[in-house]
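The domain 'G-protein coupled receptors family 1 profile' feature in TrEMBL is assigned to 42-290. Annotated transmembrane segment per TrEMBL: 28-50, 62-83, 103-121, 142-163, 206-227, 239-261, 273-292, in sequence order.
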Amino acid sequence: MERVNQTSSVSEFILLGLSSRPEDQKPLFVLFLTMYLVTITGNLLIILAIHSDPQLQTPMYFFLSFLSFTDICFTTTIVPKMLVNFLSEKKTISYAGCLTQMYFLYAFGNTDSCLLAVMAFDRYVAICNPFHYITTMSHRRCVLLVAFSCSLAHLHSLLHILLLNLLTFCDSNVIHHFFCDINPLMKLSCSSTFVNEIVIMTEGSVVLVTPFLCITFSYIRILITVLKIPSAAGKRKAFSTCGSHLTMVTLFYGSIFYVYLHPLTSYTIRNHVVTIVYTILTSMLNPFIYSLRNKDMKRGLGKLVGRRKS
């Protein structure tokens, strides 16, 4: 009975955000609103261009369209609440709202991670086994890979939310972050977080690191294959199809590993800045990275814009 009363004493959390200074709130609002609008517009254009151009109906662009959709959902989980808090004196989020935000944050974030691994596998098959590409990357298999990526991510997220819901919050309700994240939330718990930390370091690490290892393995095989190509032009062409993906992988995993593979006690304010990279910046840069370095995407976007003007 005592546990229930203690848990119910915290009905909402206060999100301190990126800055507590009043003069910073409006500039931050304008900055993140601009980034959010660019993210939504850019990723929507990518999706529309892929689905309206028959020449982009390939597995690589099929996965890219889902990555863009996931990026839109990922940022929408965080940014709108940030924007409201920038202009509000009461920067609160309900207990249920906090857990809901975290569920979708990890669901869409891990879907991104799995899709990046699937895209690496697609490039591996295209470069290392080109004669079997059509049969290996059939539409049915592509749909199954996307479905598996989404299912695994949602189950992973559900596990951590259920474990968080068992914790007791009876003291401070101030979260030193701009959204509900698992590490700063666990620091507020007045009950033991031992099980949560063990699950994060075991199951969480497996779910996070496994896609990265698949990407690493794929690119090692790609590198070995490309180095065997005799002509320099052939090597450049092979590497050009991987450049955009590698850029996204570096930004996404670099920032995530920095934040989540640290012990809970070492979680500091510096992590906030790094968190912006994988939650907002990569989603915003995704359309630019994949369109500016890709002739097919440039052509598809050109056709889409020309069709809208006419």
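Residue numbers in this text run from 1 along the chain shown.
Glycine is no exception: its Cβ is also placed from the backbone N, Cα and C atoms.
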Against the transmembrane segment (239-261), which of these stretches has the most C-beta pairs under 8 Å: 28-50, 142-163, 273-292?
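Counting Cβ pairs under 8 Å, the winner is 273-292.
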Could you pull out which residues elsewhere in the chain have a CB under 8 Å from any CB of the transmembrane segment (28-50), counting only those six or more residues past its ends?
17-19, 56-57, 61-62, 64-65, 68-69, 71-72, 75-76, 79-80, 82-83, 86-87, 280-281, 283-284, 286-288, 290-291, 297, 300-301, 303-304
Could you tell me the mean pLDDT over the domain 'G-protein coupled receptors family 1 profile' (42-290), as a whole number?
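On average, pLDDT over the domain 'G-protein coupled receptors family 1 profile' (42-290) sits at 89.
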Using a Cβ-Cβ cut-off of under 8 Å, list the residues of the same chain that are 6+ residues beyond the ends of the transmembrane segment (206-227) and lie near it.
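For the transmembrane segment (206-227), the far contacts come to 110, 113-114, 116-117, 120-121, 123-124, 127-128, 152, 156, 235, 238-239, 242, 246, 249, 253, 256-257, 260-261.
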Determine which residues of the chain contact the transmembrane segment (103-121) at the Cβ level, with the cut-off under 8 Å and only residues 6 or more beyond its ends counted.
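Contacts of the transmembrane segment (103-121) (Cβ under 8 Å, skipping residues fewer than 6 from its ends): 60, 63-64, 66-67, 70-71, 73-74, 77-78, 145-146, 148-150, 152-154, 156-158, 160-161, 179-182, 207-208, 210-212, 214-215, 218-219, 245, 248-249, 252-253, 256, 278-279.
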